[in-house]
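Student: Features from TrEMBL:
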- B:12-38: transmembrane segment (TRANSMEM)
- B:58-74: transmembrane segment (TRANSMEM)
- B:95-119: transmembrane segment (TRANSMEM)
- B:131-149: transmembrane segment (TRANSMEM)
- B:161-183: transmembrane segment (TRANSMEM)
- B:220-238: transmembrane segment (TRANSMEM)
Amino acid sequence: MIYVKNLTKIFGDHVAVNHLNFDIQPGDVVGFLGPNGAGKSTTMKMLTGFITPDDGEILIDDLSIFDDPKKIKQKIGYLPEGAPAYGDMTPLQFLNFIAAIRGLKGDLKRQRISHVINKIDLQSVLDKPIDNLSKGFKRRVGLAQALLHDPQILILDEPTDGLDPNQKHQVRELIQNLAKDKIVIISTHILEEVTALCNRVMIIAAGQMKFNGTPKELIAKSKYHNAITLHLSYPSDTSGFLDVPGILEILPDRANGKVTLIIQPGYDILHEVNKHIHERKLPVDTLFVEQGRLDQVFREMTQGAEV
Amino acid sequence: MGMVWTLLKREIASFFATPVAYVFITIFLILSAVFAFFIGSLYEREQADLLPFFNFHPWLYLFLVPAIAMRTWAEERKSGSIELLMTLPISTLQAVVAKFLAAWAVLGLSLLLTFPLWLTINYLGNPDNGVVVAAYVGSWLMSGAFLAIGMCMSALTKNQVVAFILAVVVCFLFVVSGSNIVLDAFKGWAPSIVIDTVASFSFLTHFESIAKGVIALNDVGYFLISIVIWLYASLLIIERKKAD
């Protein structure tokens, strides 16, 4: 498990990470969300031992990053931001080099290398210098490198950045199919990725934790959570909805004829809304219950916190 | 040690995967021959030794070694691969040592490839081959000191050109510190101990005696200690600046 307490990093007079506290259990797939410059990458760099925290504590499987950095690094597979690699090497040479550094030998080494090559579909570029590969392939070589030693902890900084939709899907599937007792931490700008992949979301802004919970809890924070959106065939008076108990607000969208009803938390009023529509004979042709809007929650939590 | 070996192999492969090693070796061979024959008058002296060849090595290294050292850390930091390297289960010391040994091996290979000169003087006369071997060892040691300085300068910056210029300047100071240009500046006001100390930092003085076949402990020790100090300095710099 990962245990982080009071983690702080200061660059000059800029506090990049400000007293962060969290812990992550095996089996957790955690998504770091946050605006650019929020401290996500800095936090990852500290977890992987690349930079030293100015204050606080990181314990990974009861090992301290200050006392046993080498043992911790053995447990972690890391894809740094931008997937850097040695451009003059081919993916095959690169993976062989990483495998040797990771202490893989003989049959196990061959087996692991061919395993990640198959998993990540690198066959077609194995003998081309990494410098000549497309952005998507470079990212995948970086992923292969991180997965090579079958690490207990996988830390991926923007793993799907620069991939096309098919490749994104492939990488998400790959992460989902990892053994269930591993820890995966990804950072991303794609909000949907978090709900698709993660069972924990941490929103970081200005170096501080703004939210730490499940994607469901996050979406429940949206004022659109359980909101009912209906579409009217022709304009019609909908102000009567305010008489239905539990409806807080009516948000008409004149451009496309949609009306969104914001519901007070705790009320389940789909039935009441239906009744109201029938009584007033409103020209409703579609109606659905919203899950919530992640982008709106994200904006509310991180606004004013941008650097 | 196993880690150092793995890293070392990668570094050497990288020298030969890019034109760096080939260009370096070719230029080194051409320049060392040009200096030895045309400026050092290897033939005209009619003496069976390689002094004219070795005498120019400090000046050759002054420009060539910074050229091979400049990429070592600057490139890692610029491309970001240092983040990958430093999050692998290796120590910074292992990385520093491996990078140094790899480049030093390329320098050693360049020196070995000058063997036709050695064959030539053996064909023309009867040189003291002990002196020649000592001079080769001395030259390689000295190139190591140049290299350690160059790598330290490369650790200071992400820009290879800046690294090259810094390295040439610092190396130049160490080459000329024993010469009269520098010592005259101290004479007259500094106590003799200062002048002696400055003079004793000179690569030239230490190399000259080895080139004549005298392998004294203090000369060999000087180059070895220089290597260790400059590599240690680069280690400290990298630890501090790797994430900048």
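Placed from the backbone N, Cα and C atoms, the Cβ positions cover glycine too.
Those TrEMBL annotations? Automatic predictions, nothing curated.
Describe the structural context of these features.
Tutor: Packing against the transmembrane segment (B:12-38) from elsewhere in the chain are residues 50, 52-53, 56-57, 59-60, 64, 67-68, 71, 102-103, 105-106, 109-110, 113-114, 117: each is 6 or more residues past its ends and has a CB under 8 Å from a CB in it.
With a threshold of 8 Å between CB atoms, the same-chain residues lying at least 6 positions outside the transmembrane segment (B:58-74) that come near it are 20, 24, 27-28, 31-32, 35, 82, 99, 103, 106-107, 142-143, 146-147, 149-151, 153-155, 157-164, 167-168, 171-172, 175, 203-204, 207, 234, 238.
Same-chain residues lying 6 or more positions outside the transmembrane segment (B:95-119) and placing a CB less than 8 Å from one of its CB atoms are 3-5, 7-8, 11-12, 15, 21, 24-25, 28-29, 32-33, 36, 42, 50, 53, 65, 68-69, 72-73, 85-86, 132, 136, 139-140, 143-144, 147-148, 151, 227, 231, 234-235, 238.
Residues 49-51, 54, 57-58, 61-62, 65-66, 68-69, 100, 103-104, 107-108, 111, 118, 121, 167, 170-171, 174, 203, 206-207, 210-215, 219-220, 223-224, 226-231, 234 of the same chain lie 6 or more positions beyond the ends of the transmembrane segment (B:131-149) yet place their CB under 8 Å from a CB of it.
Away from its own ends, the transmembrane segment (B:161-183) comes close to residues 58-59, 61-63, 65-67, 69-71, 73-74, 145-146, 149-150, 153-154, 195, 198-205 of its chain (Cβ-Cβ under 8 Å, at least six residues beyond either end).
Packing against the transmembrane segment (B:220-238) from elsewhere in the chain are residues 73, 82, 92-93, 95-97, 100, 138, 141-142, 144-145, 147-149, 151-152, 154-156, 200, 206, 210: each is 6 or more residues past its ends and has a CB under 8 Å from a CB in it.
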